[in-house]
Ligand SMILES: CC(C)(COP(=O)(O)OP(=O)(O)OC[C@H]1O[C@@H](n2cnc3c(N)ncnc32)[C@H](O)[C@@H]1OP(=O)(O)O)[C@@H](O)C(=O)NCCC(=O)NCCS
């Protein structure tokens, strides 16, 4: 595959001078990786995998990763003094992802992934240089928000990110619950990723456009949701079931694998991804999972806070939420651009005083919402609400965070008015990792 940089300024923007200088003072070198140079890219991919405690990828897996990840801005930190200097000691990649916001529009979001620092070089400010560089490059390109999903929730607050969507994990005791949901319609059938790719992508596009917090798919993400990546453990066990409406329209799928237990009648189903563009698809796919023979438990992650499962089964406690976790973190880089892209469910006016330690978008703004549409202007008027840029990120997609942030002292002033304006009836959700 040849790489074209046309209309992809995220690939051509040079490395950030400030971070390059800071690293150079520590004897380290910040560089963009040429993702058409297979050897250099493979070293970067190995370092990324090592950072997350993974193994060395097979040649087949590397080929797939190179194909699917070439279009990301791929940054490395090198320690040129060490013998294995071709292997980065720091990694990050990024791309501009359309992020669905309340009302259904999308805002360009600087999606950051693969943040790793070699354990031999930890806590020397490498991640600080990488994150600073990502945010400054995004800001210089006029991208109004940055987003990431995180391995640990303690890391990213210092760079102005706030948790903006929460994800639920479910364990369903399928020997205990009975389906009490509506009659299910449509057609279910087994397929495989190669045959299903086009329809699956169309389903994913609808799912991602349908909820604030979801991001547009890239080929890499879509491949992961429809089936296992090459070289993943138990790849041969993955199954893909498609749902088509009574009219034959592709509207959903579930990708899953069955795990053995010591009782053959009690397998556990690990759901890789459940995609449902309509309620009919959602109910049909849930019912399929809950009624599988030789299965005792269904385990699903990254569902929304409003997953309707308890209303679809005979015994609510047989379908337990076993985890609720912060999932998508949002960092606002341009308050007016971010706030005017989303829609609001109530009209109103607020003067917001936003504190941004990194200096990207702090200031005082009058937000006026009329007919659900916002205008934002800078003002010197007294604020109604003072908050950190992290807190603004946390309420931006409609999540129910204003009251908690007010109790914690991270929002001061009229938190109820902030809540009324920003919160949405349907909670935001991100159903994938990136
Ligand atoms: C997380 C990680 C990238 C941090 O890299 P690093 O270069 O050691 O971080 P820095 O030296 O720039 O540290 C910056 C600050 O964050 C803190 N910090 C960094 N990682 C932290 C962690 N995991 N837990 C708590 N604090 C952390 C540091 O203590 C430091 O705090 P200070 O500024 O108050 O001194 C690195 O530990 C790593 O690769 N972890 C494994 C992979 C991973 O989890 N990546 C994150 C993916 S979302």
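Heads up, the Cβ atoms here are built off N, Cα and C, so glycines get one too.
Record features, source TrEMBL:
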ACT_SITE  156  active site, proton donor
ACT_SITE  434  active site, proton acceptor
COMPBIAS  1-11  compositional bias 'Polar residues'
DOMAIN    28-182  domain 'N-acetyltransferase'
REGION    1-20  region 'Disordered'
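Put simply, the residue listed as 'active site, proton donor' is 15 Å from the residue listed as 'active site, proton acceptor' when counted between their Cα atoms.
Annotation for residue 156 (active site, proton donor): spatial neighbours 131, 148, 150, 329, 331, criterion Cβ-Cβ under 8 Å with sequence separation of six or more. Each residue in the domain 'N-acetyltransferase' (28-182) has a pLDDT score, and their mean in this model is 97. Other Cβ atoms within 10 Å of the Cβ of residue 434 (active site, proton acceptor), summed over all protein chains shown, number 19.
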